[in-house]
Amino acid sequence: MKIAVYGKGGIGKSTTSCNISIALARRGGKVLQIGCDPKHDSTFTLTGFLIPTIIDTLQSKDYHYEEIWPEDVIHKGYGGVDCVEAGGPPAGAGCGGYVVGETVKLLKELNAFYEYDIILFDVLGDVVCGGLAAPLNYADYCVIITDNGFDALFAANRIAVSIGEKTRTHLLRLAGLVGNRTSKRDLIDGYVEVCPMPVIEVLPLIEDIRISRVKGKTLFEMVGSEPSLNYVCEYYLNIADQILSQPEGIVPKEIPDRKFFSLLSDSYLSPINDGKQGKNQENLLGFTMV
């Protein structure tokens with residue numbers, strides 16, 4: 001099974017991906033996480049350091065694939081999760097999608113791509129071009145990370161459109177949304193009411209999730225010294241269980257951008273029309289409709 005994780009930049013995809021990877025491994029799967037971001041920090045909380053990238057290794061070998069061994073590019077992470085960082089071209093040059101393709105090509109050359117029960121692609125930022133959608137070419141499922149805010153849900157909607165486009169030629173389905181670090185879910189619920197899709201899990205607004213990233217540890221590793229965090233790990237285990245159940249998934253319905261703006265702005269502005277909480281809701285909106 002191959003899973004692509006997408007979401008707005010900075011929403012917590014890598015932190016969530018690492019914890020999901022460990023949860024999948026805890027359920028008995030042999031897991032590989034592939035970071036698809038030039039920052040090459042996807043697997044940081046699994047390994048505790050920035051591992052060498054595929055592109056770095058290929059360049060050091062002058063792109064002679066036959067000189068590269070699995071241990072050159074596959075690094076062991078916490079919980080038995082194997083880790084790969086694709087890396088990327090220099091800033092302002094090249095295509096991230098090409099790098100993902102080279103990564104998969106090399107792993108196939110090493111007979112490693114099909115050795116895993118689950119491969120999780122952690123993909124950078126929003127989908128703005130075909131290159132960044134490249135991991136969808138290999139995925140069985142896509143999981144979108146969001147929160148209860150406008151920007152994250154707007155990005156989620158754009159990603160859903162990309163998934164719908166890919167389903168025309170690939171056996172890809174959207175597994176659902178994961179809400180990350182949010183105390184409310186009203187906007188998430190409003191969105192999935194108009195664009196039906198599963199909400200796999202909503203993670204609570206817990207500061208330790210953010211702190212884990214700074215510490216370079218997953219929540220599962222932090223539990224060793226902070227047993228009180230064990231309940232947070234149950235959220236990730238629930239996500240893993242739902243993924244492992246091989247859900248039917250969906251082909252997302254496309255919502256045009258203007259309709260999406262109206263949908264969420266109405267959610268904020270309705271209380272204003274009622275004369276209730278107007279000022280607070282306006283501050284939450286964070287933009288002006290023109």
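Even glycines carry a Cβ here, placed using N, Cα and C.
It should be emphasised that the depicted structure is a prediction, and the values quoted were computed from it without experimental measurement.
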Of the candidates LYS2, LYS30, LYS39, LYS166, the one that Swiss-Prot places in the ATP site of GLY10, ILE11, GLY12, LYS13, SER14, THR15, ASN180, ARG181: LYS39
Cβ atoms near GLY10 (ATP binding site) (within 10 Å, other residues, all chains): 9
CYS95 ([4Fe-4S] cluster binding site) versus SER14 (ATP binding site) - Cα distance in angstrom: 21
Neighbour tally for SER14 (ATP binding site), based on other Cβ positions within 10 Å of its Cβ: 24
Inter-residue Cα distance where the pair is ARG181 (ATP binding site) and CYS95 ([4Fe-4S] cluster binding site), in Å: 31
ATP binding residues GLY10, ILE11, GLY12, LYS13, SER14, THR15, LYS39, ASN180, ARG181: largest Cα-Cα distance, in Å and rounded to whole number: 23
Fewest other Cβ within 10 angstroms of its own Cβ, chosen from the binding-site residues LYS39, ARG181: LYS39
